[in-house]
């Protein structure tokens, strides 16, 4: 493996790193590998995907650009997973189609700040902590159940 990496590094030094590829040029392996790696990258996310209970209104824009983990891991048993997150406030126009009124408002979206390749969950395994119904239909999270 070390010999392979050394050979790739030597090729990198000989060929140089292109600032951009022109149509018809081959993009070098190291650039392809780096660009496809698991990392936070700008992703378009539909607002209704993040706020599914807000279907009575129309949002402009209908999707927002946020950083989300995406990319390839070295093994098919691994998945690119967020390990760091923060919230960003974005100004969105909300349109009420019934009244034809619109207003600007700030909506919160999660951005991924750090990503790692982690083992995939087995089919049927829950995505997170189990939820128990509470009075009034609200669900509470119990990570220890």
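Note: Cβ is positioned from N, Cα and C throughout, glycine not excepted.
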In Swiss-Prot, the member of 25, 49, 91 to which pyrrolidone carboxylic acid is assigned: 25
Other C-beta atoms that fall within 10 angstroms of the C-beta of residue 117 (disulfide bond): 18
Three-state secondary structure, which DSSP defines for residue 25 (pyrrolidone carboxylic acid): coil
